[in-house]
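Undergrad: Starting off with a structure, shown below.
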Amino acid sequence: MSLKAKALYTFQSENKEEISIQENEELVIFDENSVDGWLQGENSRGQRGLFPASYVEVIRPRSNSNLTDYSTSPAGSPGNESSYFPSAPHTPFHMRQSFDDDDDDDWDDWDDSSTVVEDEDPRRGVGANGHAHHQSGNPNVHYRPHKPHMERQDSISSSRKGSMVGRNLNRFSSFVRSGVEAFVLGDVPMMAKIAESYTIEMGAWGPQWKESPQPFSCSIEDPTKQTKFKGIKTYISYRVTPSHTGRPVYRRYKHFDWLYNRLLHKFTVISVPHLPEKQATGRLEEDFIEKRKRRLILWMDHMTSHPVLSQYEGFEHFLMCADDKQWKLGKRRAEKDEMVGAHFMLTFQIPNEHQDLQDVEERVDSFKSFAKKMDDSVLQLGHVASELVRKHLGGFRKEFQKLGNAFQSISQAFTLDPPHCSDSLNAAISHTGRTYENIGEMFAEQPKYDLFQMLDKLSLYQGLLANFPDIIHLQKGAFAKVKESQRMSDEGKMDQEEADGVRKRCRTVGFALQAEMNHFHRRREVDFREMMQAYLRQQIAFYQRVGQQLERTLHMYDNL
């Protein structure tokens, strides 16, 4: 039975089985039951095919008899079936529900019994980037027992502290869901000890994350097809080797996906890079496997370069654990992490330097404008590069082949009058035709050496930039609470001490965001310098090879 639906986000098809949909476009769904997270339907242009289920909202007749309070469903979703409240408006396709074939098995090689019960508090149900969280709290579980405990600096002395400042009525706001509102207002349950800490220090460009004491890198190699269930299930395994241990572990894409979701759940004020995209078909084709490997390498490089993400115990577990039993224990431990949401904000150690909140707000606004412009520019360059790839593989190749065939035709015509035929000239013209056919093949091969790498890097930055609007919204929400608390203090409706507490906790959010902004800028300069250098080197080498072929062909006309 067909149903009407509305597209919540724009999706660009990459395979012939898929169709593109535009935000707010009306769609027809042929079957409401999704297959591996994909629906089959028709767009407004009459095209039929697959599109992500999480990108659409089914339009149903509403009646008072069947209204449901979705606020108590995990992640604000009705019946755990489809998202009623969409996640961040521009959250890319690969950040949605898992629908890759090698991610949907029954996890028998992990631990079925470790399924986590979702928290019904919507403030903790979804992270800053709009992702559903899975959490079960255990007050006795602490991370990094090998690190010295630090005393909580901002313990709550009174249950009414911050209670006079109004709460955000939109319970599904990322400011609320992430726990930052609760932290800023001082509504964080008392914790005597905090077992992990992340230090922010002042650098030449302002607050920055303290560098990791043991920096490392990580290689991802040898994607290999594996089977299970007597060949019924096929998946790809990657050899992952951290430089500081030298011991390889073998991970599937679903393991990366698990780690990615744990990172989203915990690091609400940090831009966690998106994983490479999933696709509905062709998951075992060599081109797709190679593309995924390249992008996993970039993802891992960003992870290991981040002073905070690289120190996460769950990340260490992902990189080092090779024993199945220990893996399950570490997986449970990560899923029961207490230091998430509002509690995660307590792990920051900030500098003593005074920062005027108005100056911080101006810096945040400046970065917001920059990020928006960069996002648009990265998207534009991605479109241009993708179109250039298409021309290399198709248009350029065909045009050079046409030119080569035309030269070959001239050569063949010259052979039809033997008395006036010059074998040397005919051979040279025929060779010229073959040269241009070869150049056409060279154009078709070239994107794998330069444009593919550029598109990989741009894809990583599209994901990073897409996270910042939500992260900046957290700081904006904190600023608003500071202004509100100060106004109430001026009107005598709140103790100045309580207003100062709100301001102090807002400083923590501000330092964290500025540290993340500065880290982004530093990585951006390194990454784009390397990207442009690599592209230009490959372009120079390519045109040198083309020039060499033409020069050799030219010499065939000497001394005819």
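The backbone N, Cα and C atoms fix where each Cβ goes, and this holds for glycine too.
Just so you know, TrEMBL annotations are computer predictions that nobody has curated.
As the structure is a computational prediction, the values presented were derived from the model and not from experiment.
The feature compositional bias 'Polar residues' is assigned by TrEMBL to 64-85. TrEMBL lists 100-120 with the feature compositional bias 'Acidic residues'. Annotation comment: TrEMBL describes 1-61 as domain 'SH3'. Here TrEMBL flags 216-326 as domain 'PX'. Positions annotated as region 'Disordered' by TrEMBL: 64-163.
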Undergrad: If you average per-residue pLDDT over the domain 'SH3' (1-61), what number do you get?
TA: 84
Undergrad: Using DSSP, how many residues of the domain 'SH3' (1-61) fall into helix, strand and coil, respectively?
TA: 3 helix, 26 strand, 32 coil
Undergrad: What does DSSP give as the helix, strand and coil breakdown of the domain 'PX' (216-326)?
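TA: DSSP classes over the domain 'PX' (216-326) add up to 48 helix, 25 strand, 38 coil.
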